[in-house]
Amino acid sequence: MTTNLLDFDLEGLAAFCEQLGQKRFRATQLFRWIHQKGASDFEQMTDLAKSLREKLAVSAHIQGLNVVSRHESADGTIKWLFDVGAGDVIETVFIPETDRGTLCISSQAGCAVGCRFCSTGHQGFSRNLTTGEIISQLWFAEHFLRKHLGRNERVISNVVMMGMGEPLQNYSQLLPALKVMLNDHGYGLSRRRVTVSTSGVVPMIDRLAKDCPVALAVSLHAPQDALRSNLVPLNKKYPIAELLEACTRYQSAAPRDFITFEYCMLDGVNDQPEHARQLVALMKTHAANGLSCKFNLIPFNPFPASGLLRSDMPQVMAFAKILMDAGIITTVRKTRGDDIDAACGQLAGDVQDRTSVDQRMAAQRQGMLGGIKVVVVNGDTA
């Protein structure tokens, strides 16, 4: 059996090349061919010696995932279904904007967290994806889109680990994939443009801060433990206080000076004025310990098994106003891709909004945001 080179970060690929009797710099050449040029045939790699190409041909391969289907939304959003074997499929979503392209990547086939408002969680958990299966989504999408859009430059500028699965419950495979995304010989993405979204796996938030601090988004969805435990069962193990303490620790290492909290707006469940006021009190308590945050309010995308309904827009905007009046940066999601079931919650999380807010965050810390209006956004980190 040969080795799939998509399973390696650069360090792993260098070790593999050494096993073939090659110097480590050959791994950099090989890495560039795979990730920057999208090569899958060693004979394309003309700056590698023929003897090395022959060794690679008998010991390795470059194999992405098989595409089951591709769906394109009226708004330009593209969703792919990939076959990962044993009857499992995963979903990957590309969200185009005028100044950026965001890819939402899955980390697991299914999800074990079981959030009430997420259709993937209702499907149950099958297995973790390998590093190669995670990075294959980016590898395929980037090079497909270059051809599809007729572009010779990078199309995907931002990656969000917000597709199917809880990324931090697949940490050993996630970490090398993140390193490939960030490596200048791979995709060269900045840490600010790669976001890991988590439902709150506290020990792994601390590990990510140490190993590979990228932008962090946390699925909060409630201001107090009883309600959050009902919506996000993982809260029973890692309650809100522990989660926010971990977020404060993470912030000291993070590439951005704030943590994004995702909040799915559920009619009559977590969208009342008292919930907003409880959030304000909660954030003020932790701000005293150094936590800076941004809230992203997400209109719920209903599905039959949930038994939940979407908050109407006036209720969402009233909720946002309470947060904003308290000086908390707040955005409201504009749904994308819902006509192809690619919107938030129809996979396993947030796929769109990581808007650039550096100046407003600085103003928030100075308590200057009382009169700023709520912004409806649909982009990714600039």
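Note that Cβ sites are derived from N, Cα and C of the backbone, with glycine treated the same way.
Taken from Swiss-Prot as is:
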ACT_SITE  Glu91  active site, proton acceptor
ACT_SITE  Cys344  active site, S-methylcysteine intermediate
BINDING   Cys111, Cys115, Cys118  [4Fe-4S] cluster binding site
BINDING   Gly165, Glu166, Ser197, Ser219, Leu220, His221, Asn301  S-adenosyl-L-methionine binding site
DISULFID  Cys104-Cys344  disulfide bond
DOMAIN    97-339  domain 'Radical SAM core'
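Swiss-Prot feature annotations superimposed on the structure.
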| residue | record | DSSP (3 states) |
| --- | --- | --- |
| Glu91 | active site, proton acceptor | strand |
| Cys104 | disulfide bond | strand |
| Cys115 | [4Fe-4S] cluster binding site | coil |
| Gly165 | S-adenosyl-L-methionine binding site | coil |
| Ser219 | S-adenosyl-L-methionine binding site | strand |
| Asn301 | S-adenosyl-L-methionine binding site | coil |
Least Cβ-packed of the recorded positions Cys104, Cys115, Cys118 (other Cβ atoms within 10 Å) is Cys115
Around the Cβ of Gly165 (S-adenosyl-L-methionine binding site), other Cβ atoms within 10 Å, all chains included, total 31
Whole-number Å distance separating the Cα atoms of Glu166 (S-adenosyl-L-methionine binding site) and Cys118 ([4Fe-4S] cluster binding site) is 12
Of the recorded positions Glu91, Cys104, Cys111, Cys115, Cys118, the one whose Cα sits nearest to the Cα of Gly165 (S-adenosyl-L-methionine binding site) is Cys111
Least Cβ-packed of the recorded positions Glu91, Glu166 (other Cβ atoms within 10 Å) is Glu91
Sparsest Cβ environment (other Cβ within 10 Å) among binding-site residues Ser197, Ser219, Asn301 belongs to Asn301
Going by C-beta under 8 A and a gap of 6 or more residues, the same-chain neighbours of Leu220 (S-adenosyl-L-methionine binding site) are Arg228, Ile240, Leu243, Phe261, Glu262, Tyr263
Counting across all protein chains, other CB atoms within 10 angstroms of the CB of Cys111 ([4Fe-4S] cluster binding site) number 27
Quick note, His221 (S-adenosyl-L-methionine binding site): same-chain residues at least 6 apart with CB under 8 Å of its CB -> Cys115, Phe117, Arg228, Leu231, Val232, Glu262, Tyr263, Cys264, Asn270
Span of Gly165, Glu166, Ser197, Ser219, Leu220, His221, Asn301 as binders of S-adenosyl-L-methionine, largest Cα separation rounded to whole Å, comes out at 19
As a whole number of Å, the Cα atom of Cys118 ([4Fe-4S] cluster binding site) is distant from the Cα atom of Ser197 (S-adenosyl-L-methionine binding site) by 14
Across the domain 'Radical SAM core' (97-339), the model's average pLDDT, rounded to a whole number, is 96
